[in-house]
Amino acid sequence: MKSVITTTISAADAAGRYPSTSDLQSVQGNIQRAAARLEAAEKLGSNHEAVVKEAGDACFSKYGYNKNPGEAGENQEKINKCYRDIDHYMRLINYTLVVGGTGPLDEWGIAGAREVYRTLNLPSAAYIAAFVFTRDRLCIPRDMSAQAGVEFCTALDYLINSLS
């Protein structure tokens, strides 16, 4: 799984060198942000049901046509699958926060996602709207500390940009 640490070591090893000072500074910065990432992961993990429900509700509110016949949310089973997918991505955001790198999202969430959505007639814009809602809904300090919020929003932005 890719993280700042594994990426740094892999790059140094591929070049047949020791990690440079800037490599080590990058790793040190990553480690210093670890407490904030873990706080964000803990808050997301303990509130994931509400986060997923609110994100899904926002998605269907903005894209109500998805409940029309022939669309991604035409029946309760398909609606439940949309909420399940949002939950899956939130879990990957959680893993990304714990790992400190985008590996979980890259390996398990983003690779091929656009192709799958297009093939299954699932609008990625609706999922993106759910993640944008989650990012924009975040309230500091009610939900988490400022630095934890930065880490959480950074992970969400990475996902949003990758699916766009």
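Glycine is no exception: its Cβ is also placed from the backbone N, Cα and C atoms.
What Swiss-Prot records for this protein:
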type	residues	note
BINDING	Asn47, Arg137, Cys139, Arg142	(2R,3E)-phycoerythrobilin 2 binding site
BINDING	Lys81, Cys82, Arg84, His88	(2R,3E)-phycoerythrobilin 1 binding site
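Distribution of Swiss-Prot features across the structure.
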residue : record                                   : DSSP (3 states)
Asn47   : (2R,3E)-phycoerythrobilin 2 binding site : helix
Lys81   : (2R,3E)-phycoerythrobilin 1 binding site : helix
His88   : (2R,3E)-phycoerythrobilin 1 binding site : helix
Arg137  : (2R,3E)-phycoerythrobilin 2 binding site : helix
Arg142  : (2R,3E)-phycoerythrobilin 2 binding site : coil
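All protein chains considered, the CB of Cys82 ((2R,3E)-phycoerythrobilin 1 binding site) has 21 other CB atoms within 10 Å.
Pairwise Cα distances among Asn47, Arg137, Cys139, Arg142, the recorded (2R,3E)-phycoerythrobilin 2-binding residues, top out at 14 Å. In sequence order, Leu138, Asp143, Met144 are the same-chain residues whose CB sits within 8 A of the CB centroid of Asn47, Arg137, Cys139, Arg142, the residues recorded for (2R,3E)-phycoerythrobilin 2 being left out. Long-range neighbours of Arg137 ((2R,3E)-phycoerythrobilin 2 binding site) (same chain, six or more residues apart, CB within less than 8 Å of its CB): Glu54. Listed binding-site residues: Lys81, Arg84; maximum Cβ neighbour count within 10 Å falls on Lys81. Counting only same-chain residues six or more apart in sequence, the Cβ atoms lying under 8 angstroms from the Cβ of Asn47 ((2R,3E)-phycoerythrobilin 2 binding site) belong to Asp143. Cys82 ((2R,3E)-phycoerythrobilin 1 binding site) sits 27 Å from Arg142 ((2R,3E)-phycoerythrobilin 2 binding site), counting Cα to Cα. Compute the center of the Cβ atoms of Lys81, Cys82, Arg84, His88, which mark the site for (2R,3E)-phycoerythrobilin 1; besides them, the chain residues with Cβ within 8 Å of that center are Asn80, Tyr83, Asp85, Ile86, Asp87.
The number of other Cβ atoms within 10 Å of the Cβ belonging to Cys139 ((2R,3E)-phycoerythrobilin 2 binding site), over all protein chains shown, comes to 9. When the binding-site residues His88, Arg142 are compared by the number of other CB atoms within 10 angstroms of each CB, Arg142 has the fewest.
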